[in-house]
Amino acid sequence: MIPVETQPTERDGTTVIPQLTEDIRYDWQEEEALALYNLPLLELVGQANAVHRRYHEAGRLQKASLLSIKTGGCPEDCGYCSQSAHHDVELTREKLMDPDAVIALAAKAKQAGAERFCMGAAWRKIRDGKEFDAVLAMIRGVRALNMEACVTLGMVNKDQAKRLAEVGLTAYNHNLDTGPDYYPKIVTTHSYQDRLETLKCVREAGIALCTGGIIGLGETPRDRVALLRVLASMAPHPESVPVNMLVPIEGTPLAQAEPVDSLDIVRMIATARLMMPQSMVRLSAGRSSLSRETQILCLLAGANSIFYGNVLLTTPNADVQADDALLEALSANV
Ligand code: SAM
Ligand code: DTB
Ligand code: SF4
């Protein structure tokens, strides 16, 4: 393997900027990942854009639709989450939706241009029985519409992953959220290892992995690249990597977290793109606080999917009108 320079160096009086010399790698070291993350911004975005264009159709943006199929009352204590029963958040709990209602919403989302339908449930783990059967019916229904189907239901075991695969689930979302060292500061009711084990069961069942994280939890750039390193050490890389920016929620321990510089999400996306050239990189939660121009920078840096729809799971998303205007602005100026 050709070594990658990790630090800008002085050669013959000129500064040599680290270059990406080989694209698909599973052995990124922390220092070189951090060196990419810290590149001069235009250099970072330029390199990421070049890699993006090598592996993806430039200008192609996938719209995904997101629905909370079971809301609130979760036994886990994730510090950022509105749906944890540990926090005092004003949120109406909703039991698992009826599959027909979910499938009708998926059909509507398809009409509005969504190619992928993502369903989220506030569970620690899936329990076998009536509720799991209802989720399987939802997945079958979404797949019958010829849409990609993704679910996020908490932890799964091997047998459950197999059943999800059998009904044609496209992808399973299970985020690692942040680097392994910082994770226990955010969540104590399950471990990083628990998350990795679920991802292993999902992958072994032949389902695509959707796994990424959140910036703005009080983590350092080193924690951010530590997360990217864990993701990029998976072979093959996760097919889908959501990058979320914290949506601060009143009543959660992270309600008052220091807001991140919006350019940090550009750096995070660009670094993810460089480390995982073939993955879909999803510009996920937090878009409603980004300007149109920052979002465009994220797309230049390698993001190729957004959630389209006025709400995420429990919080407002960038609204559909603003997104239509964004897509219009991105189209040819004729
Ligand atoms: N309970 C399941 C789980 O934790 O995997 C699925 C639902 S959970 C809400 C899905 C993901 O949403 C989390 O892993 C986290 O990355 C993201 N998320 C939750 N609350 C968020 C917030 N306030 N801001 C940004 N991302 C958030
Ligand atoms: C992901 O990475 N982001 C989505 C999806 N996967 C399930 C969830 C974002 C949630 C934002 C906070 C909320 O609306 O509750
Ligand atoms: Fe529960 Fe998922 Fe929220 Fe954690 S992120 S509290 S597991 S719904």
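Along the chain as shown, residues are numbered 1 onward.
A Cβ is built for glycine as well, from the same backbone N, Cα and C atoms used for every other residue.
Together with Cys118, Cys150, Cys210, TrEMBL lists one candidate of Arg53, Arg54, Arg282 for binding [2Fe-2S] cluster, that being Arg282. Regional average pLDDT for the domain 'Radical SAM core' (59-284) in the model is 97. Distance noted between the C-alpha atoms of Cys118 ([2Fe-2S] cluster binding site) and Cys81 ([4Fe-4S] cluster binding site) is 18 Å. Contact annotation for binding-site residues (Cys118, Cys150, Cys210, Arg282) versus ligand 1: none, no CB falling under 6 Å from a ligand atom. Set side by side, the binding-site residues Cys78, Cys118, Cys210 differ in how many other CB atoms lie within 10 angstroms of their CB, and the most is found at Cys118. Separating the Cα atoms of Cys74 ([4Fe-4S] cluster binding site) and Cys150 ([2Fe-2S] cluster binding site) is a whole-number distance of 20 Å.
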